[in-house]
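Take this structure, written in structure tokens, and hold onto it; I'll ask about it next.
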Amino acid sequence: MSSRGGKKKSTKTSRSAKAGVIFPVGRMLRYIKKGHPKYRIGVGAPVYMAAVLEYLTAEILELAGNAARDNKKGRVTPRHILLAVANDEELNQLLKGVTIASGGVLPNIHPELLAKKRGSKGKLEAIITPPPAKKAKSPSQKKTVSKKTGGKKGARKSKKKQGEVSKSASADSTTEGTPADGFTVLSTKSLFLGQKLQVVQADIATIDSDAVVHPTNSDFYTGGEVGSTLEKKGGKEFVEAVIELRKKNGPLDIAGAVVSAGHGLPAKFVIHCNSPGWGSDKCEELLEKTVKNCLALADEKKLKSIAFPSIGSGRNGFPKQTAAQLILKAISSYFVSTMSSSIKTVYFVLFDSESIGIYVQEMAKLDAN
């Protein structure tokens, strides 16, 4: 009752408040009716539309905020919104035809062009490129001989020799590294500058990438899960290469990484790294440093693809979730700080379902990092 005895004026509850959304449901209903006067509009249609738009807006704002944070800006700009949409596959497909005012354009930078400006890296191309021309001739000649023999055996031999040709091809070729036939990519995530992170369930010794990473210790021990697999596939040549590397390099420092040729493997190079043990001093920081050192070595060799196992989660005792988070964080921050990287694809080669689930989950959380 009011002071004069009349009924107290009640405030009208809006459709948005009743539905529990912020976006105006009544306005959505008017817009829908205006465009479709001949159709009956259900009560739930504008509510659902408002809820979807509210969710998409919140998602884009979160990604744009991450982009602003990574670029060390205190305010979200249209540029950050553009980067946020471009970095998320689903949003990019939905809004690829939308122009964001004052958002600028997405850079399409070829890392090779930027790297040529650096005098130190120009010499590496001359070192890597000469061998392929010599090796590429002999397999092609042997391939024609194998065809003459006929039958299925000849076809199998020719396939093996084609694999050798692709292995001896230059690391500066335009083709990106792909996993061996028969293995499917379980999850893919694209980063800002176009690098792809892919989860693959396979044997790392059979992955056809430019480099594979071998977690070891200071003495280049090859008895771990990855080391024994590579040793079995690479054979005597691989073992001799590791022994020679040990003599030449000496003990491998914690978080250190060195490279050797991938004898007997589909990969052209093997990057040996000494990751820290769980619980040791600054172990998380050193694991990130290990991953970044592996990527830096791949960049020095102008490699386009690199395959990582789950570093640290084996003998070194890191929890799988923690190891995955640190590895992905290190890779993301490396590509943010290194504008001229030649690496196009990073494979996470896993074999157990637990690790696969963890990496797929953690990659989805990367967002705009």
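Cβ atoms here come from the backbone N, Cα and C positions, even for glycine.
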Report the candidate from Ser16, Ser102, Ser275 that shares the glycoprotein site with Asp203, Ile204, Val226, Gly312, Ser313, Gly314, Asn316, as recorded in Swiss-Prot.
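Swiss-Prot names Ser275 for this glycoprotein site.
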Pop the Cα-Cα gap between Lys320 (SUMO2 cross-link) and Ser275 (glycoprotein binding site) into the table, whole Å please.
14
Could you tell me the mean pLDDT over the domain 'Macro' (184-367), as a whole number?
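Averaged over the domain 'Macro' (184-367), per-residue pLDDT gives 88.
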In the domain 'Histone H2A' (15-90), how many residues does DSSP call helix, how many strand, and how many coil?
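Across the domain 'Histone H2A' (15-90), the residues distribute as 55 helix, 0 strand, 21 coil.
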Please identify, among the binding-site residues Gly312, Ser313, Gly314, the one with the smallest Cα-Cα distance to Lys320 (SUMO2 cross-link).
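Smallest Cα separation from Lys320 (SUMO2 cross-link) among Gly312, Ser313, Gly314: Ser313.
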Between Asp203 (glycoprotein binding site) and Lys189 (SUMO2 cross-link), how many Å separate their Cα atoms?
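That separation, Cα to Cα, works out to 21 Å.
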If I take the alpha carbons of Lys189 (SUMO2 cross-link) and Ser313 (glycoprotein binding site), what is the distance between them in whole Å?
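Lys189 (SUMO2 cross-link) to Ser313 (glycoprotein binding site), Cα-Cα distance: 22 Å.
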Helix, strand or coil at Ser275 (glycoprotein binding site), per DSSP?
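Its secondary structure by DSSP: coil.
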